[in-house]
Amino acid sequence: MTHTGVKPFVCETCNKAFSRKKILKTHLLTHTGVKPFVCETCSKAFSRKKILAIHLMTHTGVKPFVCKTCNKAFSRKKILKTHLLTHTGEKPFYCETYSKAFSRKKILAIHLMTHTGVKPFVCETCSKAFPRKKILAIHLMTHTGVKPFVCETCNKAFSRKKILKTHLFTHTGEKPFYCETYSKAFSRKKILAIHLMTHTGVKPFVCETCSKAFSRKKILAIHLMTHTGVKPFVCETCNKAFSRKKILKTHLLTHTGEKPFYCETYSEAFSRKKILAIHLMTHTGVKPFVCETCNKAFSRKKILKTHLLTHTGVKPFVCETCSKAFSRKKILAIHLMTHTGVKPFVCETCNKAFSRKKILKTHLLTHTGEKPFYCETYSEAFSRKKILKTHLLTHTGEKPFYCETCSKAFSRKKILAIYLMTHTGVKPFVCETCNKAFSRKKILKTHLLTHTGEKPFYCETYSEAFSRKKILAIHLMTHTGVKPFVCETCNKAFSRKKILKTHLLTHTGEKPFYCETYSEAFSRKKILKTHLLTHTGEKPFYCETYSEAHSLERKF
């Protein structure tokens with residue numbers, strides 16, 4: 001009958017036909033659920049004697065079918081035959097729709113279900129459906145919590161033997177799956193397959209809502225939650241919800257304070273493996289992600305993507321209150337606090353509150369006096385890495401931020417932004433006492449001291465007080481005699497860079513400050529302001545002894 005294809009024995013329940021009566025009888029048990037063959041060791045029941053015999057080998061460990069190529073042994077001849085295809089590379093079972101080939105008929109059958117969407121095996125607890133009975137059985141363990149496969153090294157338990165085998169690589173360090181292009185090794189075949197997509201750029205899973213494509217179905221499923229807003233993983237401590245279990249696990253470390261990932265070089269601990277990996281790049285200096293526009297390199301792909309927005313000018317995150325746009329979602333979130341006034345991070349020493357944890361950490365250094373960032377050239381220490389980087393530009397003279405109006409260059413983007421206000425005339429910070437306006441909040445705060453008379457910066461040597469920290473620093477140089485700014489023309493030294501710049505005008509003869517009334521030029525802005533008083537007749541400086549007014553402030 002195998003030659004003629006005749007199958008005279010038909011099942012009355014499902015109309016399936018068989019060539020032998022014996023096979024039909026065995027098939028009928030699938031409808032009745034009868035399993036007459038029971039394993040005496042574990043009480044597991046089977047519908048066929050042959051299947052029981054194969055099952056018994058799992059207890060005895062007998063594997064009589066051996067592969068002659070690699071000596072791997074199997075309990076069934078059928079499994080050996082399938083295994084042999086891994087050596088020959090043969091894939092005889094073919095999907096005509098996607099032109100995809102498979103080594104086993106069963107795998108092809110499962111694949112075909114992806115076309116039809118058929119998932120006949122349904123979980124009675126949560127109604128989730130699956131294309132295979134085996135996958136359903138594994139899923140049921142998520143409800144029962146059963147994890148029968150235990151790692152002998154660390155006692156960690158798993159629901160599947162396959163996951164345990166993959167886990168064992170974390171102890172042995174073995175990575176058997178290899179990318180020949182980048183000489184990179186992986187512990188799992190699936191991870192290698194995902195990695196290979198980075199070469200081809202293939203992203204077969206597309207979001208129907210926003211057309212964004214992904215290389216993995218799992219990542220698409222997570223992305224879909226951004227549209228639905230579903231966050232099924234909730235923290236029991238603070239009720240914060242997350243879209244992924246992995247993110248919840250990382251979040252829980254913020255409550256326990258646990259930092260299991262350790263840098264042996266600096267004895268620094270991290271809560272996430274990814275953050276440790278990024279930190280380690282600071283030792284090696286590796287920055288594999290390069291901007292094609294300006295050749296600037298970055299240690300993380302995410303930072304590169306953010307940087308690219310500086311070239312395009314795209315700012316997709318907009319504040320609904322003031323319509324201000326930002327290139328990053330995180331920066332928008334910080335900005336929103338300026339409207340709400342929320343400052344959740346409080347200093348336990350002085351009760352000062354901050355909108356960001358990072359700013360609080362920097363503030364704490366003002367109490368400890370710690371300055372961990374060091375300039376080796378001038379043996380000068382700084383409390384913040386950003387300030388050190390700005391300071392280092394004074395060595396190189398680099399000024400990468402450029403004013404398009406007057407071509408003036410600056411070492412910091414922030415200083416450029418402040419300077420641009422000199423062209424626009426914008427002064428958003430206004431003194432409520434005298435209505436004087438300023439371009440910077442910091443300058444306004446300093447100005448307010450002129451009304452209160454407060455001078456919080458104190459010289460202990462001369463018992464002299466100052467309204468600004470900078471003025472105190474300049475004053476202290478009169479004690480030490482330090483004058484670090486030297487004129488290259490006449491070798492005259494000055495305590496301040498600003499005074500040196502003014503002095504240089506005596507060599508060049510340049511007088512950039514101009515009186516339009518008398519067409520007279522001056523080398524300093526202060527001298528011009530004094531000169532202008534001769535036009536107005538204003539004499540703002542008053543002598544109380546002789547009741548006499550003067551246009552100049554003089555010390556007699």
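Using the three backbone atoms N, Cα and C, a Cβ is placed for every residue, glycine included.
TrEMBL labels come from automatic prediction, so no person has curated them.
What TrEMBL says about this protein:
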- 9-36: domain 'C2H2-type' (DOMAIN)
- 37-64: domain 'C2H2-type' (DOMAIN)
- 65-92: domain 'C2H2-type' (DOMAIN)
- 93-120: domain 'C2H2-type' (DOMAIN)
- 149-176: domain 'C2H2-type' (DOMAIN)
- 177-204: domain 'C2H2-type' (DOMAIN)
- 205-232: domain 'C2H2-type' (DOMAIN)
- 233-260: domain 'C2H2-type' (DOMAIN)
- 289-316: domain 'C2H2-type' (DOMAIN)
- 429-456: domain 'C2H2-type' (DOMAIN)
- 457-484: domain 'C2H2-type' (DOMAIN)
- 485-512: domain 'C2H2-type' (DOMAIN)
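Using a Cβ-Cβ cut-off under 8 Å and counting only residues 6 or more beyond its ends in the same chain, the domain 'C2H2-type' (37-64) has close neighbours at 26, 29-30, 73-76.
Packing against the domain 'C2H2-type' (205-232) from elsewhere in the chain are residues 194, 197-198, 241-244: each is 6 or more residues past its ends and has a CB under 8 Å from a CB in it. Helix, strand and coil counts from DSSP across the domain 'C2H2-type' (485-512) read 12 helix, 4 strand, 12 coil. Counting residues of the domain 'C2H2-type' (37-64) by DSSP class, helix then strand then coil, yields 12 helix, 4 strand, 12 coil. Broken down with DSSP, the domain 'C2H2-type' (149-176) shows 12 helix, 4 strand, 12 coil. Mean pLDDT for the domain 'C2H2-type' (177-204) in this predicted model: 82. Counted with DSSP, the domain 'C2H2-type' (205-232) comes out as 12 helix, 4 strand, 12 coil.
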